[in-house]
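Feature list (source: TrEMBL):
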| type | residues | note |
| --- | --- | --- |
| REGION | 1-21 | region 'Disordered' |
| COMPBIAS | 8-21 | compositional bias 'Polar residues' |
| TRANSMEM | 24-48 | transmembrane segment |
| TRANSMEM | 54-76 | transmembrane segment |
| TRANSMEM | 88-107 | transmembrane segment |
| TRANSMEM | 113-136 | transmembrane segment |
| TRANSMEM | 148-173 | transmembrane segment |
| TRANSMEM | 179-198 | transmembrane segment |
| TRANSMEM | 222-243 | transmembrane segment |
| TRANSMEM | 255-273 | transmembrane segment |
| TRANSMEM | 285-306 | transmembrane segment |
| TRANSMEM | 312-335 | transmembrane segment |
| TRANSMEM | 347-370 | transmembrane segment |
| TRANSMEM | 376-401 | transmembrane segment |
| REGION | 407-478 | region 'Disordered' |
């Protein structure tokens, strides 16, 4: 039973100040401009492949170098946040992203491209951990759903803008690399301006000793369902990002950076659009929809191989993008609803590690298999295995999410809030009746604080209890 809120209690999300909404946009802008760098090189793979003669395995290794940099930084991001603070980490990630852009502009060899991709992965890792946690923390007064939606939307929007920007520039300019990353440098300057408006928030707790992402293993019950679904869906999108240009060329298409950028950008745009109606669903339904979309995506990819149709391959990539958006939203929602602030950075880092490890391995294995088995056989095996993995993973994730959420969408716990169906986060005092919340009977006049209590009278078990009547009722009866 819900008690009325106490006047001194924390205000609910429905009555929170508009400042709590505006404070989310500064970290969200930083996350967006950093994520632009994550997929901006994708349309340039066609250009680099024609210029340097890269094979499918080399393109996959180039993408994997980005994943390796991202994973290494994810492991140390919570530890660094404890030591130097989240604000300095976001500033360092903006500086690292600028360094990566300069390295891309000056790159003339494969080694330089690998180094630039590695640095960009480290910069993006900070956005995925400290940046996302900053958005969740800034939006805590608006409810867990609002913060999760803005955080996941910023990630998907930045990932969509990168390839669209690079594809458009590569279509218009014969030597696109310098122009693409100069444009990204300008966006990063805008990120620095957003950093200047970033509100400093007091940390309400510190992780224990160590502070690495491995600390998140203590919360594996909360992280595992989302990380499993995120890993499967991100493997499908990573295949499209790293080998999408090769797929289109196999189906008779011409190597077009604009088409490759449009496919990659459309993939993440679909992820962003899927999250808008997905915010009204519970996490189990989000995972169920993501699993169905992954299976459908792999079926379309198999049909594309059979029919030799590039349009079916693009549709497969779009469905994979929708699955990516829903699984990311579901995983972040579980973290925001079930973990306190001081454990979210490590949990978010471990969540992303669980997603990006299979995403790094899948395209690399497919690229090597294409060189050994041929394109059709390798992609067919990948589609079948990923579809089967999606069915198993979805079954596990739905069951785990149902056990976490229980009968309601929210959670209760010491020091944490509860989110009701309207998405508003209320204080613990508003969701559970405590003895201190109940009205107290006023003391008798003249009774001091140390007045002895009257002993309770004990009735014999044989004496029946007589109902008490109100004095007004007794007088009317007389």
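Just so you know, glycine gets a Cβ as well, placed from its N, Cα and C.
Same-chain neighbours of the transmembrane segment (285-306): 225, 229, 232-233, 236, 251, 278, 312-313, 315-317, 319-320, 322-324, 326-327, 329-330, 333, 376, 379-380, 383-384, 386-387, 390-391, 393-394, 397-398, 401, counting only residues six or more beyond its ends whose CB sits under 8 Å from a CB of the stretch. Residues of the same chain lying 6 or more positions beyond the ends of the transmembrane segment (376-401) and with a Cβ under 8 Å from any Cβ of it are 221, 224-226, 228-229, 231-232, 235-236, 239, 247, 282-284, 287-288, 290-292, 294-295, 298-299, 301-302, 305, 330, 334, 362, 365-366, 369-370.
Cβ atoms under 8 Å from those of the transmembrane segment (88-107) belong to residues 27, 30, 33-34, 37, 41, 77, 80-81, 113, 115-117, 119-120, 122-127, 130-131, 134, 177-178, 180-182, 184-185, 188, 191-192, 195, 198 of the same chain, restricted to positions at least 6 beyond its ends. Residues of the same chain lying 6 or more positions beyond the ends of the transmembrane segment (255-273) and with a Cβ under 8 Å from any Cβ of it are 39, 42-47, 49-50, 153, 156-157, 159-168, 170-171, 176, 237, 240-241, 244-245, 248-249, 314, 317-322, 324-326, 328. Touching of the transmembrane segment (179-198) and the transmembrane segment (347-370) is ruled out by the presence of fewer than three CB pairs under 8 A, sequence neighbours closer than 6 excluded. Long-range contacts of the transmembrane segment (54-76) within the same chain, counting only residues at least 6 positions beyond its ends with a Cβ under 8 Å from a Cβ of the stretch, are 38, 41, 45, 48, 110, 113-114, 117-122, 124-126, 128-129, 212-214, 238, 241-243, 245-246, 349, 352-353, 356-357, 359-360, 363-364, 366-368, 370-371.
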